[in-house]
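Okay, structure first, notes after.
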Amino acid sequence: MGCIKSKEDKGPAMKYRTDNTPEPISSHVSHYGSDSSQATQSPAIKGSAVNFNSHSMTPFGGPSGMTPFGGASSSFSAVPSPYPSTLTGGVTVFVALYDYEARTTDDLSFKKGERFQIINNTEGDWWEARSIATGKTGYIPSNYVAPADSIQAEEWYFGKMGRKDAERLLLNPGNQRGIFLVRESETTKGAYSLSIRDWDEVRGDNVKHYKIRKLDNGGYYITTRAQFESLQKLVKHYREHADGLCHKLTTVCPTVKPQTQGLAKDAWEIPRESLRLEVKLGQGCFGEVWMGTWNGTTKVAIKTLKPGTMMPEAFLQEAQIMKKLRHDKLVPLYAVVSEEPIYIVTEFMTKGSLLDFLKEGEGKFLKLPQLVDMAAQIADGMAYIERMNYIHRDLRAANILVGDNLVCKIADFGLARLIEDNEYTARQGAKFPIKWTAPEAALYGRFTIKSDVWSFGILLTELVTKGRVPYPGMVNREVLEQVERGYRMPCPQGCPESLHELMKLCWKKDPDERPTFEYIQSFLEDYFTATEPQYQPGDNL
């Protein structure tokens, strides 16, 4: 959110629509859950005890060869999603997947591998637990633990992770051939996929995916001639022998420690004194962004809003919705100071805004494959917002944040509609982002997910031009007039025409003719296999 913003109408054209979209949730309702397919979830532990080592799945029939499916190349870091589970308190022993340093006196510090009994797991994101080693009790983040001796506790198990995110992780610089992970299958409920980094002379570094099937008697196999009682034994076998795979499994794919869901238990509306502003990262028309520390323990980003920017009551109501939007391509909202001046506390992203990254950082040297992959990540996050029936309203490079390994996350979703500034609400002047805004939104205030699609098309031009201001040489009033007459930006220098065609789809005059974000995500993720397989790097891209 700043001096610029974006919007447009909902209702995808039929050729882009799919039938498996989750039921949408109104953005004005404050009690909905995150999308189960993509959100960074906490385990749901409730109800009766279950066997965590039982993995029911649809059996597969018939023999199978060692033919991998899929494949790709790119770079990114993702967080493995925790397992879904249920239990009654204290029966199952849990094991720590990561180290955790206590942030409050009520928290419990622990090391990876430490074991716990869960005392109270009714709180969702934070559980009361007792360390078996020390006897100490305290709250722990529920997405940092898994049932001991379950598949979720294995280092190589990455849970709900899509093919593309697996490829981004495995293809990170420094990873070697044979590095691997196991994840849930995207296409077959209850099944698994083995993803391995490979290399060949034609494709260079790439990733191969093998489907792990289940026998009627409960065993697992990739090929029927080699069957195993458990996934653990299957992985152990292929770590010792390639046995038909593209390469023997070597080391487990490294990953980053996931973000906790919130700063701590009950840390939502926090006192201003608990925050220390340390390094000013930027400023805009409505406030500043700082790197800071919460409670003397936790690095965070803090957005400070100028008094009068928005009504505190309206902000708090919207923030309650925003904090429920959970997806690994959205910057998580941790906490708020709800009295003016309003503070918004979020995850700190190491590389700052995408706009600055492209203009002044490492982004200046990126080639088209990396830029398209970043666009695909943004589309992934926007597809989630689309499924949740929410609207961003200010989608542009300045509101995308970049982390390590070219991770992109969407920030400031939903805040633009709360701005009280007269110049902004009149959709005129320097504070309003005319150049990113769909005409029906700029002229008539009709902001929908389809105006976000228009804005995404503008964001694509920012990516391929390394942060150039859209419509170069034109002032806001001229842009609005020319766009209404049918003018659209020409193909940027070095940009493939196929990518410009996607931009023009986003800029269709009729909002209903613009593609869905689901379509855009699919198009960009498969861009170099389906659309531009003969891509050769040029001077700029």
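Yeah, the Cβs are placed from backbone N, Cα and C, and that goes for glycine too.
Here is what Swiss-Prot says about this protein:
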type: COMPBIAS; residues: 1-20; note: compositional bias 'Basic and acidic residues'
type: REGION; residues: 1-43; note: region 'Disordered'
type: LIPID; residues: Gly2; note: N-myristoyl glycine
type: LIPID; residues: Cys3; note: S-palmitoyl cysteine
type: COMPBIAS; residues: 26-37; note: compositional bias 'Low complexity'
type: DOMAIN; residues: 89-150; note: domain 'SH3'
type: ACT_SITE; residues: Asp394; note: active site, proton acceptor
type: MOD_RES; residues: Tyr424; note: phosphotyrosine
type: MOD_RES; residues: Tyr535; note: phosphotyrosine
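Residue pair Asp394 (active site, proton acceptor) / Tyr535 (phosphotyrosine) shows a Cα separation of 32 Å.
Fewest other C-beta atoms within 10 angstroms, among the recorded positions Asp394, Tyr535, are seen around Tyr535. In terms of DSSP secondary structure, the domain 'SH3' (89-150) contains 3 helix, 27 strand, 32 coil.
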